[in-house]
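Here's the structure we're looking at; comments come further down.
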Amino acid sequence: MSYFDINKVNYEGPKSNNAFSFKYYNPEEKLGNHSMSELLRFSVAYWHTFTADLSDPFGVGVAERDWDSLDEMEKAKARVEAIFEFMEKTRIDYFCFHDVDISPEGASLKESNENLDIIVELIKEKMDQTGKKLLWNTTNNFTHERFVHGAATSSNAEVFAYAAAKVKKSLEIAKKLGSENFVFWGGREGYESLLNTNMKLELDNLATFFKMAKSYADEIGYTGQFLIEPKPKEPTTHQYDTDVATAHAFLQKYDLDKDFKFNIEANHATLAGHTFQHELRYARDNNMLGSVDANQGHPLLGWDTDESTDVYDTTLAMYEILKNGGLAPGGLNFDAKPRRTSFKQEDLILTHIAGMDTFALGLRVAYKMIEDNFFENIMDEKYKSFNEGIGKKIVEGETSLKELEDYAFNINTINNTSDHLEVIKSQINQYILNINNKD
């Protein structure tokens, strides 16, 4: 059975009016020594694409999906067929999932694991047949009512144990399927109020949880990259991994920073009061950029995520990613869903085409900027006072407050220069327009 009645999506260039074609993403086209598919490493998210029903806090699900009329296990099997057809037709090489995305929870942990075993075998067969790969998997330790107080940070030790058992199973799945990364997102790892929260105990327990996970991965020979996905809130009022800087400090405190990097989501940066580029830059500067959840927050809605369609944002994001040397073994996972009003099955294809093209265009622009040393030249000019004289001594740690005081006494007039920030923004616009015109 075919779930998507279209041909494989092809690159037709920016002048094409075919909605089911790529305008900027040409998988085999090389930029330098790498193809676009190697540089972008696109991934489809199982949850938003194949399990989400487009419900929201004010309305029931409206998504029309061929598999939704089936019973739970048959539905899970149908979704396996659907996602591999989807990846083939969209030319996406990777996928990601939570444990409960791929199979239903049973009446007990044992039954849940048995359900997982059945579906994982089907996924493994499909992976072997198609060459598609698992970018990352993770454990859903936030949806079920047992996680009302958290998972690793729960006040109930039995919940901690249950969450740990689920992670153990997910790590075994990661090894079996060759998952290139393993992600932790702590949607319930935080608090509603400090009035009844032992923050130190909860953070200590969270660190213990991560250490046990890494220890078990080593024990079974799983070598995938471990990733933490920061988010400041939603669903919990205050989540402990608020942003990259906060989570980095946590990892450093508990001596986990050599074992983990970050999976950075664009909309989580927005919720934290940062730009997407800020989070990517902080992670890159600290050698902690591991992977990306590609989406954008709706400017009027905090809780929603859409496919990326902002070329300005994707250009700056791809600049950071290219300067990072790429994302491998991470990738660009479309942790996004269609708008509620885009409820047809074909909209799943169309939204991914939009997101892939937007990142591909951003890649083209960012690559050209790096070729031209655009930002590098700006930085060199702005900070040139630190390349010689007293500035160089400051950078190299070869001066003191006393010497700087003596130096300052001899300054007659301090002359600052304008950043011309508006000119820089205008030049970025011109890069985007020039890339488009060139194609």
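Cβ atoms here come from the backbone N, Cα and C positions, even for glycine.
Since we're looking at a predicted model, the values are computed, not measured.
Record features (Swiss-Prot):
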- HIS98: active site (ACT_SITE)
- ASP101: active site (ACT_SITE)
- GLU229, GLU265, ASP293, ASP335: Mg(2+) 1 binding site (BINDING)
- GLU265, HIS268, ASP304, ASP306: Mg(2+) 2 binding site (BINDING)
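Everything Swiss-Prot records as a feature, shown here on the structure.
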| residue | record | Cβ contacts under 8 Å, 6 or more apart |
| --- | --- | --- |
| HIS98 | active site | TYR46, TRP47, ASN137, THR138, THR139, ASN140 |
| ASP101 | active site | TYR46, TRP47, PHE50, THR51, ASN140 |
| GLU229 | Mg(2+) 1 binding site | VAL183, PHE184, TRP185, ASP241, PHE262, ASN263, ILE264, GLU265, HIS268, ASP293 |
| ASP306 | Mg(2+) 2 binding site | ASN295, GLN296, GLY297, HIS298, ALA336, LYS337, ARG339 |
| ASP335 | Mg(2+) 1 binding site | ALA45, HIS48, CYS96, GLU265, ASP293, ALA294, ASN295, THR305 |
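In the three-state DSSP assignment, the secondary structure recorded for GLU229 (Mg(2+) 1 binding site) is coil. What surrounds the Mg(2+) 1 site, by Cβ distance within 8 Å of the Cβ centroid and not counting GLU229, GLU265, ASP293, ASP335, is the set TRP185, ASN263, ILE264, ALA266, ASN267, HIS268, VAL292, ALA294, ASN295, ASN333 from the same chain. Secondary structure from DSSP puts GLU265 (Mg(2+) 1 binding site) in a beta strand. The Cβ of GLU265 (Mg(2+) 1 binding site) has 26 other Cβ atoms within 10 Å, all protein chains considered. The number of other Cβ atoms within 10 Å of the Cβ belonging to HIS268 (Mg(2+) 2 binding site), over all protein chains shown, comes to 29.
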